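> The structure that follows is given in the form of structure tokens.
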Amino acid sequence: MPGLTLGDTLPNLEVETTHGKIKLHDYVNNSYTIIFSHPGDFTPVCTTELGMMAAYADKFAQRGVKLLGLSCDDVNSHNEWIKDIEAFNNGHKVTYPIAADPKKNIIKQLNMVDPDDTQSPSRALHIVGPDKKIKLSFLYPASTGRNMDEVVRALDSLLKASKHKIATPANWKPGEPVVIAPSVSNDEAKEMFPQGFDTADLPSKKEYLRFTVV
């Protein structure tokens, strides 16, 4: 994606939200934060997505992660829309703020514009770290709703990698083995991972695929 992308610092914008004015860096503070954009209020896929974010709010809170929605309408519209979101999603309360962007200025600064229609927002999602940098981004077209389980899975991968010198393999799920970073020697791995690790026996005989559980 052009513009704001992985490793970039989140711009410290002041935004109007359903919880009042906030500055993005103050909101993130020392937490991981998920910022997710939507094309507009009272739209079908967005209503289901914000409802699922509300349903998953406890999962994110357990991980110490904050949520911030963004939609290209004003706060009054957001507050009315929230009633529909909560009613459709079995009463799960929208406890996170939703930022207003009726002039579509914020989505441009946060790189949440649909590449196929630069006047419209995409279904973009940034995971921002405590250092205010973009750690992971999803970009979907307006026609495709997000998979919240994948958001949680990717978040869990980031959180583990922030604490250990590991990466998560394809199709990884929490509780499954992870791989030790190639920069870690076997001697270092024995110290870092006293629980031990298994090395895959590969035709190359290179010992780079090492699995452990953390």
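Quick reminder: no glycine exception, Cβ is built from N, Cα and C everywhere.
When I checked TrEMBL for this same protein, it listed these features:
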- 4-160: domain 'Thioredoxin' (DOMAIN)
- CYS46: active site, cysteine sulfenic acid (-SOH) intermediate (ACT_SITE)
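What does the local environment look like for each feature on the list?
Of all the Cβ atoms in the protein chains shown, 23 others lie within 10 Å of the Cβ of CYS46 (active site, cysteine sulfenic acid (-SOH) intermediate).
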> Quick one: average pLDDT across the domain 'Thioredoxin' (4-160), no decimals.
93
